[in-house]
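According to TrEMBL, the feature transmembrane segment maps to C:7-25, C:31-51, C:58-75, C:81-103, C:110-128, C:159-179, C:209-232, C:244-271, C:283-305.
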Amino acid sequence: MTELIQIIVNGMANGALYALIALGLTLIYGVMNLSNFAQGEFAMIGAFGTYYFMQMHMNYLMAMILSLIVAGLIGFVIHILAFHPLRKSEPLNMMLSSLGVSVLLVNLSQYLFSPNPKVVSNSFSEDSIQAFGVFLSQQRILIVIVSLILCGFTYWLLERSKFGRSVRAASLDPDTATLYGIPTNRIAFITFVFGVALTGIAGGLTAPIYNVYPTMGISLTLKAFVVVVLGGMGNIPGAIMGGFIVGLIESFSAGYVSTAFQDVIVFSALFLVLIIKPEGILSKVQGEKV
Amino acid sequence: MKRFKKMIFMMVSLLSILTVLLAGCSAPKGASESDSKKDSSGPLKVGLVTQLSGGGALYGNLMKQGAQLAVDQINEKGGVDGRKLKLLAEDDQANPSESVKVTQRMVSDENIDAWIGTLKSSDTITDIGITAKKDIPSFVPVAVADNVTDSGLNNVYRNVAKNSMQITEMVNYILKKQPHKKMAIIAENTDYGRNIVKIFSEQFEKGGRKITNKELYNVGQKDFNNQLTKIKASKPDSVLIAGLVAEGALIAKQAKQLGINQQLYSFGGFMGKQPMELGGSAVNNLIHTDYFVPTAKDEKTQSFVNDFNEKYGQIPDSYYSAATYDAVYLYADAVKKAGTSDPEKVNKVLHELKNEHTVMGDITFDKNGQAATRVWISQIQDGKQVGIYHAE
Amino acid sequence: MTKTRLFYTAITILCIVCSIASLYIQNLYLLRVFILAAITAILALSVNILVGYTGQISLGHAGFFGIGAYMVGILNVNYHISFWLCMVIAVLFSGLMGLILGLPTTKLKGHFLGIATLGFGVIVNGVLNNWMQVTGGPQGIRDIESPTLFTIPLEYGNFFLGFIVACLSLLVLVIYLLIKSPIGRAWSCLKQDEITAYVTGIHVYRYKLLAFTISGSIAGFAGSLFAGYMTFISPDTFDLNQSISIITTVILGGSGTIAGPLLGTALLAFLNEWLRNFDELRLVIYGIILVAVIVFIPEGIYPFFKNKVISIFSKRKKASQPNTSIEPHAGKDAVNE
């Protein structure tokens, strides 16, 4: 029984993290129609930022905030150089450009910071709390809380604010949105920066439990894609739910089937969802635009 | 349209003629392996093939640093018989076809005199197949899978204990000195990890003890809670981590956070300072095998440690640097003894070595080129590596 | 007709010259680079059928590549079936896998299809890595028999290169014929607009499945060649990176053309080897070049230069003869007004 609860807790804790990274990805996809394969690399930037700011004797919170600004700035520059010029071209080209950005960022950070993993530790990351034999580390609790807050905030921003309305308009039909006076290019910029900054926070949050090294983002990107597709691309509540679903599938398949086949099972589940409901779990059925 | 079809027919027939042509003509029988002339006055070229980008670059860089140090030292002392050494280090991205390509380039374009590599045993086996065609002395300082030295090649030397040696030492130690009866294994999903799982559980169960779990994780994975939860549920009294330090330290940390306080065991990956840096207090009391102890009172070890520290500003505390450093010296000394860089003679000298004193211990290569270096059992005690056991 | 005939004769001669020239390459390193590049070229052609001609995305082609290679490896090593028979089985089987993958995924579009195929690649890699009893797991399969073609031992690089260039030429021919056939026309139609294609009476689903099957079997063919050449296969070769690098090759070279993927392969192979001079900065530069090419030449290198050349020639023509044709757009606008 304890094992079952522990498995559920593990799955939920990981799911919150996946949801946070997927959130940025799905936002960017919605507005720019870009499958950003460099998304995880911004988590890496956030983590490295956190590490280096903490080396300068800043506290964890301060370092996280600064590193999220850094991630946003780098995202801004990359958007100008690699994505903005391609906004009118095929989505496939943008995707390829993001792959190039990913290769560039990973290897540049390896060149600058060396491949050695770096440790970030704050005052509470080492300990965990315990109830009825179920353990959860304090850092993970922090991740869950921050992730839920940010998901809620983003949801509010999109659904209730004026900015959110223009984002939704731009993602629904950019041309019409432009006709109505919505600056779609600027919206794309802001969304991209916001999306990568969210991921940057995720990086800073995971740094104490996962350590910091150049290739840390790659597996996160893959997970985020699964989450986003499961939830329906461009769908915020879908991404949040997808995050938890993937986390739970992972922990249950590891617990009751096989740890070696964990990835295979996750992706098979993805396949299943795509076959049954190609537009994602939470999406409303949409007719094709002719 | 008719013409078009005719033309297509023509092309097809031409191409089929070509294939027959290929069969018929006694074209040059492949590029020959031996016609390249070796420059016997230029520098001795030592090729190092290892992973210098991506996840494993962490270990590959250590190899490169060790080799570079040895090459610089030898050159400072005037080289080998007046010939300087030159290190060519290339990245193989831990990809079999890249590794083969890079090795081939070194062999046929750069005319290397000695080869050192790689991080992965499976790539190493393919690569030494290429160097063997030219009989180039090939050193394997890091890859530990048993079958590297099982291929019966005459030019392969491994100056580090092979996997089964360290596993046997570990099992013997536990059987003799430790009370643990039920062990869980968490292993990386590579040939290294899989081999450990196989050999260790065989020997351990032969000793009358029990393996409760065999869980696997992928290299580069960061979250091990799922594996560890499963392990915890079967209540072992000790956990064996069959992996390298980048993941291993995280496993130790996350195990503690899940409330697994059982004794941890591991292998060569946990040598040196890195486990403490990455794992903090979680790796305390962990027991592991050790090939290289930087604090050993041996004179050679001390000078290596000091020189390395001077050059790179850190203590070389894992075997990656030390063993690669040794490999360069073993080659240089063999050339000196042979008086020539002719591979046949160098190979002969290397096979005749008796208790050659190196950083990693006294080296004698058996007929397969495998050396029995010392394997210690060490424990991490309050942030320090302490040797606790050494089988005689 | 004479002009096109000349063109085809030139290409045929080029292929033959390449095949024969490959017998005289003395540098073993170059030989290896060429052979691996030729295998990549076959892979690129197979992806191009999906990406370039049918408008589908595949981010999991390493899966087919791996299935082809492992079919040869398993059958040859464990069951001692001759290499050529293995190859036929491998091609058929990976074609079948293409069909099976196509059954659910042809209903998907764009990014969903991309992620689904990516998932296929990950699943295949996971199975290869973990199904120890059959695939040997991370250790891979060793000692695959290197093939012998009519008493020519292909274990010699030169012969293998000659053989593989001949294969590549044949494949180019086959794909060319396919594209010019009704099948190719149907593909290009459904690439432009699926609904229009459907309305026109093209069985969209069936043609997509066909594209997946053919593409899968060609990739499987590349895999079996790889297994025969390397005589050793392990799951690392067939991972996500491989899938990504194939599609990069195709798009960089110019998808939807035959010369594009070939040019892309050649350029990337050269770039990869040349960048070795930069040691640690190698992959950084590679990333920059990748982004730069995509940003500045999004249509691909081959179409870009082709258009350049054509525009130079057509300018001359325009200068020599007065333009009498009516601009099509002008008429359209007039009607609309």
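Glycine is treated like the rest: Cβ placed from N, Cα and C.
In terms of C-beta pairs under 8 Å, the stretch of C:31-51, C:110-128, C:159-179, C:244-271, C:283-305 lying closest in packing to the transmembrane segment (C:58-75) is C:110-128. With a cut-off of 8 Å on Cβ pairs spaced 6 or more residues apart, the transmembrane segment (C:209-232) and the transmembrane segment (C:159-179) reach 3 or more such pairs and are scored as touching. Take the transmembrane segment (C:31-51) and the stretches C:7-25, C:110-128, C:159-179, C:244-271, C:283-305: counting Cβ pairs under 8 Å, C:244-271 has the most. Long-range Cβ contacts of the transmembrane segment (C:159-179) within its own chain (Cβ-Cβ under 8 Å, at least 6 residues beyond either end) map to 15, 18-20, 22-23, 25, 31, 34-35, 38-39, 41-42, 45, 49, 53, 149, 152-153, 187-188, 214, 218, 221, 225, 228-229, 258, 262. A Cβ distance under 8 Å defines the sequence-distant neighbours of the transmembrane segment (C:7-25), meaning residues of its chain 6+ beyond its ends; these are 31, 34, 157-159, 161-162, 165-166, 169.
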